[in-house]
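**Student:** According to TrEMBL, the protein carries these features:
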type: DOMAIN; residues: 548-598; note: domain 'Cationic amino acid transporter C-terminal'
type: REGION; residues: 1-27; note: region 'Disordered'
type: TRANSMEM; residues: 34-54; note: transmembrane segment
type: TRANSMEM; residues: 66-85; note: transmembrane segment
type: TRANSMEM; residues: 97-118; note: transmembrane segment
type: TRANSMEM; residues: 155-179; note: transmembrane segment
type: TRANSMEM; residues: 186-211; note: transmembrane segment
type: TRANSMEM; residues: 223-244; note: transmembrane segment
type: TRANSMEM; residues: 311-333; note: transmembrane segment
type: TRANSMEM; residues: 361-379; note: transmembrane segment
type: TRANSMEM; residues: 484-503; note: transmembrane segment
type: TRANSMEM; residues: 509-533; note: transmembrane segment
type: TRANSMEM; residues: 545-569; note: transmembrane segment
type: TRANSMEM; residues: 575-593; note: transmembrane segment
C-alpha cells in the first residue's frame, strides 16, 4: 500500500529527457514561431459555436448584454491562460497539462489528466467532424443533397447513421498532420485567416446596416439586462466554452523555436483576438435583431436575411465550415503529443513515443488518433457526449492553476536520479564524506601559521552558534513549506465544498448556507495564509528561466480554480457518469501497466544541487540533455 501511494506521488524533473538514454531520437522538430502559434490558438478556439451561440445565449440568458457575457467569460479564460503561459515557458515540452501536473503534483494526478485529455480530444474531433457535413450540404441544395458517397446513411438493422464525410475529413487532417508541423500549421493558418475574414465581413457589413436602421435590437422594452445580472452571468458560463482551444498552443511547446518568448505571446494574442471577435460579432448581431426574435440555429445568416441580404447565408456558412475544419485540426493536433509524452514517461507503450525521422512528428500516435476519431465520427452521433469534452478541459485548467501555486510556494526540491546513475550518487556521497574527513584532519597535521589558519576555519565552520543559526533557518524553511502545502490543500478543499454545496439545490436552505460558509472559510483561510507567507526562493531557478511570470499570485490561480471547479460541478450527473466510466478504465490501465512501467520506478530522489553535480560529471555525460 505504501509503495502504491509513493508511486502516485512521484514527480519527474523539468528536463526529464536528459535522464533518458537516446532521448534525442524522440525529439520533435522546432519549427513554430509566434505567428504560427497564434494561428493554431485562434483556429482551435473559434469554432462554429460562435455562429450558433450568439442566438441561443442572447435568447435564453443575456439579451442585449451578450457582449458583457463574452467579456466576462474571456476574463475567466484569461486566468487560465496566464497560468498556462508561465508553465509553458518554464517547462517547454510536449504534453501540456499532463506534463505540468507530472512535474508539480505527481504521477497519479498526471495520469488522470492525460487520460481525460485523450477522451477530450478524441470526442472533440469526432463531434466537430460530424458537424461539417450538414453545413456542406447547404452548398448542394439542402440537408440531404450531398453526393451519395459523402451523404449520411442509416443502417436499419443497427439503428446507426454513418457519416462518410466526417470520417474522410478526419483522415484528411490526419494525413496533413503526419506531413509535418510546419506544413499543417501553415494550412491551419490559411483556413483561420479566411474564417476571420468572414467574421470581419459580419462585423463591418452588420455595423453598416445597424447604423442605417438605428440598432433596433438595443431599443427593446426589457432594457439592456432583460434577464438581470444573473442572466448575464449564466450566459458567461455558457459562452466560456467558446474559449476552449487556446491550450492547444501549449501542447506544441517542444516544437517552438523560442518557447520562453513565443509561447506566452502566442497564448495571450490568440485569446485576445478570439475575445475581440466574439464581442464585436455579438455587438452587431444583437443590435440588428431583437434578442427575442433571433433564430437560435442560424442567428447570423437570418439577421442578414431579415434585412434583405439573403446571399450572406452562403458566406456565413462558408465561415462555419472553415471554422469547423480549423477546429478539427486543433482537436487532433494535441492528442498525439500527449500520447507521446505519456509513452516517454513509460505510462503507455513505447510505440506511441516514436518520432518519424524525416518529418519529426509522432506519426504512429497521429495515425492511431486519426483512426479512433474517424471511427467515432463515422459510426456514432457524438453530440450527446459533447459535455465530456468540457470535463477534460476544465480538469486541465484546474490542475494547471494548482501547479502554479505549488511551483511558487513548494516547488520540488529533489529530482529523480535514474538507476543507471545510482553508482554516481553513491560515489558523490563518499566524496563528500571524504572531503569532510580531510577538512577535519588538516587541523591535526599542519603546523605553524597554516595550522592556526585551518583551525580557525574549522572552528568557525563548526561553531555551535553558526550551526544553530543554520539549523534554525532550515527549520523555518521546512515550516514555511509545510504551512504553504496545508494552505494550498485548504484552498482546494474549500473550493470543492463551496461549489458543490452552492450547486446542491436539493439541500435545505440553512444547510446549504452553513456548508457554503464552511467551504468559504477554508478557502479564505488558505488564501490569506498564502498571501501572508513568502513564496519559495527556488521558484526563480525552477525550470527554464527568463519566460513569462504569472501575475497576482496567489489570487489569480485561486480564482481560476474556483471558476473552473464551479463549471465542473455544474456539468450534470449524466456527463460525470460517462466520464467516471472512462476514468475508472484509466485507473485499471495505470495499475496493470503504467505504474510498473513508469520511468520513475527505480529512481532515487536527490537534492537539485547534487543532481546537477552528478549529471555534469564525465561518467554521466551520455545522459545530459
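Cβ coordinates come from backbone N, Cα and C, glycine included.
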**Student:** Count the Cβ pairs between the transmembrane segment (97-118) and the transmembrane segment (223-244) that lie under 8 angstroms and are 6 or more residues apart in sequence, then report whether there are at least 3.
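**Tutor:** Contact absent: fewer than 3 Cβ pairs fall under 8 Å.
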**Student:** Assess whether the transmembrane segment (186-211) lies in contact with the transmembrane segment (361-379), where contact requires at least three Cβ pairs under 8 Å among residues 6 or more apart in sequence.
**Tutor:** no
**Student:** Over the domain 'Cationic amino acid transporter C-terminal' (548-598), what is the model's average pLDDT?
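**Tutor:** Averaging the confidence scores along the domain 'Cationic amino acid transporter C-terminal' (548-598) gives 93.
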**Student:** Could you break down the residues of the domain 'Cationic amino acid transporter C-terminal' (548-598) into DSSP helix, strand and coil, giving a count for each?
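**Tutor:** Helix/strand/coil tally for the domain 'Cationic amino acid transporter C-terminal' (548-598): 40 helix, 0 strand, 11 coil.
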**Student:** Six or more residues beyond either end and a Cβ under 8 Å away: which residues meet both conditions relative to the transmembrane segment (545-569)?
**Tutor:** 76, 79-80, 82-83, 85-86, 89-90, 237, 240, 259-261, 263-264, 390-391, 394-395, 397-398, 400-402, 404-405, 408-409, 491-492, 495-496, 498-500, 502-503, 523, 527, 530-531, 535
**Student:** With pairs fewer than 6 apart in sequence excluded, do the transmembrane segment (509-533) and the transmembrane segment (311-333) have three or more C-beta pairs that lie under 8 Å?
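**Tutor:** They are not in contact.
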**Student:** Let me spell it out: take the transmembrane segment (223-244), skip the flanking residues so only those 6+ beyond its ends count, and list any with a Cβ under 8 Å from a Cβ in it.
**Tutor:** 45-47, 49-50, 53, 56-58, 61-66, 68-70, 72-74, 76-77, 271, 274-275, 278, 291, 389-390, 393, 567, 570
**Student:** Do any residues of this chain, six or more beyond the ends of the transmembrane segment (155-179), have a C-beta under 8 angstroms from a C-beta of it, and if so which?
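**Tutor:** Contacts of the transmembrane segment (155-179) (Cβ under 8 Å, skipping residues fewer than 6 from its ends): 125-126, 129-130, 132-133, 136, 146, 149, 187, 325, 328-329, 332-333, 336, 356, 359, 361, 363, 366-367, 369-371, 373-375, 377-381.
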